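Scroll down for the structure; my scribbles are underneath it.
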Amino acid sequence: MQFAKRLEKIPPYLFAEINRKREALIAKGVDIINIGVGDPDKPTPAHILQAMREAIDDASNHNYPPYEGTQEFREAAVEWMERRFGVMDLNPNTEVVSSIGSKEAIHNTFLAFVEAGDYTLIPDPGYPVYRTSTIFAGGEAFSMPLKAENKFLPDLDLIPEEVARKAKMLWINYPNNPTGALATLEFFEELVALCQQYSILLCHDHAYSEMAYDGYKPPSVLQIPGAKDIAIEFHSLSKSYNMTGWRIGFAVGNAYAIKGLSQVKTNVDSGVFKAIQKAAIAAYATDEVELQAVMSVYQSRRDIIVKGLQSLGWPIEPPKATLYVWVPVPPGYTSTEFTTLLLDKCGIVVPPGVGYGASGEGYFRVALTISDERLHEAIQRMQDAGIRYA
């Protein structure tokens, strides 16, 4: 028995490795503070749970769901896009498809459009799935470095002409994981123009669309005139509604891109449990006040981490979005060396920036997914261990 050769090209999945290391230390009796994985610790809101309970009791939801999602779910997604972003004229029958979270839809989009020898343009640092899915599809990933001096936006002028001509997809993710960076509508306009020029499918991973603070409201790339000609956007309920375990989201945008994604999906999965789709519909109807109450929890945690690290000399500012704080390592350390130091001396688990790509070197990521008390304790442990930025 032998693995396929493609698996030899796949590095260990970052978060799985972090979890294994954490479990090994816990087995030894170490009190671990895990701020390494973006998995919200709060419960799913009560009205969503109630919608799920009612849907489970309805026997009509117990059979196979439509591959593309129920009509009711797709219409709710379209209505939410209109209400949230002002994106009008989306067709729920041809321009929306349900997904098992956004991760599977992202991966299956690579399978639908990338062939051997094709380039994918991916952010670096970035969600590891962009690179591994390129490998699974037989393509070649071209990294677009995200640098602090460019506000963690890719410099589109650095994409060589020969690469752009062979590129099938360009991936972006704003608000950004892991950097917490933001993108403007003006930047989206530049992306749309580039992708139109080279007939590249523009793919926007919008998993953190609602994870924003200080009054900021992240835009959709589909707000740009003409974007729907070349763009697909991926939405997930996982982070915004504390529903990571539910596995529900949708892809929306260009009808041809949705058709390709749907064709892969109909051959590899059987859709999302209809009761979960009912719960998702309730989630998209969540009152803005209630959603902001959820966000206020993460904003408080952000402030604890930022102020705590600032007190230890870190030159950082509070991010306006996502579940993460992107933090430079102290001078003289690599990201792996410093995160190992935090684990060994403080029992704190954080991922090294290099795990998100070569351009992530020099940083580590803090996830705002544990209680205020444990975040304060993490800062105290660092202080007690004499760990400072400089």
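Placement of Cβ uses the backbone N, Cα and C atoms for every residue, glycine included.
Features reported for this protein in Swiss-Prot:
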BINDING   Tyr13, Gly38, Lys103, Tyr127, Asn177, Arg365  substrate binding site
BINDING   Tyr67, Ser102, Lys103, Tyr127, Asn177, Tyr208, Ser236, Leu237, Ser238, Arg247  pyridoxal 5'-phosphate binding site
MOD_RES   Lys239  N6-(pyridoxal phosphate)lysine
Under 8 Å by Cβ from Tyr67 (pyridoxal 5'-phosphate binding site), same chain, sequence gap 6 or more: Ser262, Lys265, Thr266, Asp269, Ser270, Gly271
Cβ neighbour count within 10 Å of Gly38 (substrate binding site): 22
Greatest C-beta neighbour count within 10 angstroms, which of the recorded positions Lys103, Lys239, Arg365: Arg365
Cβ atoms near Tyr13 (substrate binding site) (within 10 Å, other residues, all chains): 13
Which of Asn177, Ser238, all binding-site residues, has a Cβ with the fewest other Cβ atoms inside 10 Å: Ser238
Distance from Gly38 (substrate binding site) back to the residue listed as 'N6-(pyridoxal phosphate)lysine', taken between C-alpha atoms, in Å: 8
Pairwise CA distance, Lys103 (substrate binding site) versus Ser238 (pyridoxal 5'-phosphate binding site), rounded so that it is a whole Å: 11
Alpha-carbon spacing, Ser238 (pyridoxal 5'-phosphate binding site) to Gly38 (substrate binding site), which is rounded to whole Å: 10
